[in-house]
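Feature annotations, courtesy of TrEMBL:
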type	residues	note
COMPBIAS	13-26	compositional bias 'Basic and acidic residues'
DOMAIN	55-355	domain 'Orn/Lys/Arg decarboxylases family 1 pyridoxal-P attachment site'
DOMAIN	450-494	domain 'Orn/Lys/Arg decarboxylase C-terminal'
REGION	1-35	region 'Disordered'
Amino acid sequence: MKALEVAQMTLDSESRNLEPSKKQDKTSGIGKTRSATKDQIVISNVRISQQESSPPLVTALKASAEQNAATFHFPGHNRGRAAPSSLTQLIGLKPFLHDLPELPELDNLFSPRGPILDAQQQAASLFGSLETWFLVGGTTCGIQAAIMATCSPGEILMLPRNSHISAISAMVLSGAVPKYIIPDYNFDWDIAGGVTPSQVETAIKEVEKEGQKPAAVLVTSPTYHGICCDLSEIIQLCHSRGIPVIVDEAHGAHLGFHPQMPNSAMHQGADLAVQSTHKVLCSLTQSSMLHMSGSLVDREKISRCLQTLQSTSPSYLLLASLDAARAQISENPETIFGKALQLAIETKSMIRKISGFQQLGLSGYEADEILYEDHEIICELVETQSITFAMNLGTCREHVQRLVSGIKHLAATCASTPAAKRKVEGGNSALFADIETSLIPRDAFFSGKRRVSIENSLGEVCGELICPYPPGIPVMVPGETITKKALDYLLDARSKGAVISGASDPQLSSIVVCNM
């Protein structure tokens, strides 16, 4: 393990460097179900203001659930009367009481005129957008809608090669043609970073030389590891050519709510930004927001795309959680992250003072196993050369102390082991440096396929989307020629404990390829 990464919530311009300094989204890379059952969950007596106690959608859902009505509608548990006992023993009856369908008083997500519209407008005001849509399909749904609304079949989408898999699925849905930008790569940490304005400008000029123009530019900022791009300059560059900019801001819903944090994508002029409100903010998992500003994107097209992609039976618990998360931030938008931010800074300082833990010769997976088994520390993300710990509004000092203690113990006990004498090597060249696209993602997705052994796959056209997960960055994309570098990377990641997502054969003894 080269280092342990402390997520400190995209603090400042330091995050522009390729020294990872934060992150968010939970899955351990060693394939084990984990729960902190020994930890007592403590809910502090936080003062609830009148503003936070009456978000419009939360208020409407509460009133509807309290009706003494004879109910003859779905869902089948009938407001908890037939709720499965195994689940009510876990979470109680209240979630079922509030798990309601699209009743008139609760508004319609696809054509909001009541509390959903009110809640979305208040969110737009808080996040600085012209319009905001609530999402119950996660940021994946928002990225897909943004790309579908800006890119028609055959049009060019410019995007970093380390974009999330949702961008790849969006190109399958839209028929867009990718023009990849190869991000900077940090070999010590084995992570890809952000893209620079000069890289974007170079890519645009390459497209223009071919007599074309990108229909949209997608930028990931911050990345999963908290690395921010110079969005203002990238957006200015694109807007000067009339090109809309989509920002995958999944890990940046908190940006702009503290003077030590970078501005949000909306405040830097993005046309569309999609945020995972459930990550750093406090809505329920799977709930996100899509924000729009400017006039380069057709808002009606966004709405039509979302209607195509989202469920016709949205969860009002998810929708209400978005409204509640917005209200929570609205109470003290400039100070709410103060304590968490200070705790992150202190944690980073304490970990930096621990000697020896960067030279232990452990992979991230090995270090994670020790921290979990010995100290019940559950991280956000495990990779070959790093571990990411996400800090948020719910992070408490006792858990930070346990983390620091665990790392100290790790450094002390592993320094004298044989593992400390071996070096965990990263790559020696950027993983995405020699990409060759033979088919666009849509054509590859729908093409005929066959299975070949991994030994015989070199040079074939990949027919499936394969990536270590998390973070969900594809190493192989449908339509790309399979390279030795990509194969070696996947096999090495698997050998170190990574879960390989998307591959029909997770052991990678075979790969599905396209018939050419």
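Numbering starts at 1 and runs along the chain as displayed.
Using N, Cα and C of the backbone, Cβ positions are placed for all residues, glycine too.
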Determine which residues of the chain contact the domain 'Orn/Lys/Arg decarboxylase C-terminal' (450-494) at the Cβ level, with the cut-off under 8 Å and only residues 6 or more beyond its ends counted. 25, 27, 29, 162-165, 168-169, 172, 192, 224, 381, 383-384, 427, 429, 431, 433-441, 443-444, 500-505, 507-516
Can you check how the pLDDT averages out over the domain 'Orn/Lys/Arg decarboxylase C-terminal' (450-494)? 88
Per-state residue totals over the domain 'Orn/Lys/Arg decarboxylase C-terminal' (450-494) - DSSP helix, strand, coil: 14 helix, 12 strand, 19 coil
